[in-house]
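Quick look at what TrEMBL lists:
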- A:20-200: domain 'Glutamine amidotransferase' (DOMAIN)
- A:Cys94: active site, nucleophile (ACT_SITE)
- A:His181: active site (ACT_SITE)
- A:Glu183: active site (ACT_SITE)
Amino acid sequence: MSFENIIYLIKIQNEMKIYIIDNGGQWTHREWRTVRDLGVDSTIVPNTVDADVLADADGIILSGGPASIESEMSKLGNIKEYMHRYNYPVLGICVGAQFIAIDSGGRVSKALHAEYGKKIVNFTSKDGIFYNVPDSINAWENHNDEIKSISDDYIICAYSDTCRVQAFYHKNRDIFGVQFHPEVNNTEHGTTIFKNFIEKCRR
Amino acid sequence: MLDPEKFIKDSVSFIEKNVKRGILACSGGQDSTLLAVISSMAKTDILTVFIDTGLLRNNDIKRIKEIFSSYNVNGRILDRSSLFISRLRNVTDPEEKRKIIGRTFIEVFEEEAKNYGAESLLQGTIAPDWIESGGGSRDTIKSHHNVGGLPEKMNLRLVEPLRDLYKDEVREVSRYLGLPEVQPFPGPGLAIRIIGEVTEEKLNILRRATDIVEYESSKLNDKPWQYFPVLLPVRTTGIHGDQRTYGLTIAIRFIDTIDGMSGTFSRPDWSVLENISNRITDEIPEINRVVYDITSKPPATIEWE
């Protein structure tokens with residue numbers, strides 16, 4: 001680890017609190033681990049927890065999960081409230097990202113091509129938490145549904161050959177979404193995305 | 001990022017605080033073996049129990065005996081192979097297999113715990129085990145024997161010091177302690193590598209194939225994370241010395257991953273696969289076809305069941 005990284009870690013350690021909202025994803029714990037490996041304290045909470053619990057959060061991550069968002073919105077618990085009650089940065093992963101799209105007035109439904117495992121994700125813009133990520137990365141996917149549309153408040157910034165919306169960010173608030181799984185070890189530069197997100201969460 | 005020394009120290013004091021007299025379930029794999037060694041450092045009465053389920057590979061028992069003696073583990077090996085195998089008769093559903101094995105494990109451990117006067121059961125459960133075993137809003141992908149098989153009401157208190165670790169971290173701590181590195185081996189053993197009903201005959205076939213795969217793979221400079229054969233109930237036509245055969249199929253699975261949560265199939269040198277295939281079909285007459293699994297995780301899991 002470089003000296004710069006060590007200093008960075010010392011700076012953020014114990015200063016921040018990130019909550020990982022568990023939507024039942026197989027990789028929720030991987031998100032916890034990635035954040036921990038970046039030296040930040042995080043807690044996994046079920047998506048049914050009272051929004052009051054998140055009062056001290058510096059940021060939240062909405063995990064992936066098995067819910068099909070069209071018909072099983074109830075499985076996503078209180079995440080709507082978590083998103084709007086506070087002004088902290090939000091990172092939605094997979095079903096978490098799909099929720100953000102729907103919440104914005106967009107549409108999510110069964111994907112034309114489901115994606116499982118390795119896909120090439122191409123970035124068209126690398127603002128926000130996608131800073132320092134190469135134009136194309138090998139990313140790990142695991143979804144049956146896809147985002148068909150999202151409100152104009154968001155900028156779609158990545159795509160794959162078989163899925164048009166792979167990443168997006170809000171124009172004015174720190175809200176980000178990724179359809180792929182940056183927390184998975186096989187996804188290239190996933191840690192960079194988490195590191196950038198943590199940077200956004202710094203008070 | 002994990003500090004092995006600190007982890008061991010914390011785990012030892014965690015065990016000392018939470019266990020008066022405990023029984024430790026050891027499968028011989030990296031996780032539970034590490035836990036057995038860490039527990040042997042705690043100033044608490046812990047009996048490590050290794051069950052011969054009859055679903056093991058050829059060398060497993062010899063290896064565990066060596067570890068018990070070289071690390072001063074207070075260990076006991078119980079032969080319950082006929083019990084396990086009789087309960088698996090006529091069972092073909094993979095989830096049922098896992099649950100039966102899990103329940104039988106617990107039964108044997110509860111009995112041993114009673115004999116030993118233990119109030120706690122120590123298990124080497126790591127993060128992917130309980131993540132994949134479902135619960136709450138999570139879909140059950142597989143019932144891991146040390147989680148999904150547990151009865152709702154148990155007389156033992158469950159202690160799982162490795163709960164938040166991933167495989168690579170288990171390896172890091174194991175290396176620190178000088179423990180031999182072994183490839184992961186599932187708790188339900190060879191039962192979930194035999195698709196369809198588990199029989200003594202099939203277990204013997206798979207044991208021989210496993211020996212061949214493990215031996216030939218050991219010649220690789222860069223060993224995959226996991227490398228094993230699976231016995232399929234698929235018969236196909238073959239020709240052995242001008243005679244028609246109608247034998248079973250072995251699938252070879254080589255997986256590259258860091259933590260077992262996602263991974264790709266390996267791309268080993270063809271000659272290694274060729275040797276494995278030749279040796280299996282030459283040495284195991286019941287097999288006349290060998291195939292290679294080229295599916296990543298996801299969509300497939302590492303083990304076939």
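Glycine is no exception: its Cβ is also placed from the backbone N, Cα and C atoms.
Automatic, uncurated: that is what TrEMBL annotation is.
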Spatial separation of the residue listed as 'active site, nucleophile' from A:Glu183 (active site) - C-alpha basis, Å: 11
Neighbour tally for the residue listed as 'active site, nucleophile', based on other Cβ positions within 10 Å of its Cβ: 25
Which listed residue (A:His181, A:Glu183) has most other Cβ within 10 Å, given these are active-site residues: A:Glu183
Between A:His181 (active site) and A:Cys94 (active site, nucleophile): CA-CA distance (Å): 7
Coarse DSSP state, helix versus strand versus coil, of A:His181 (active site): coil
Within the predicted model, mean pLDDT of the domain 'Glutamine amidotransferase' (A:20-200): 95
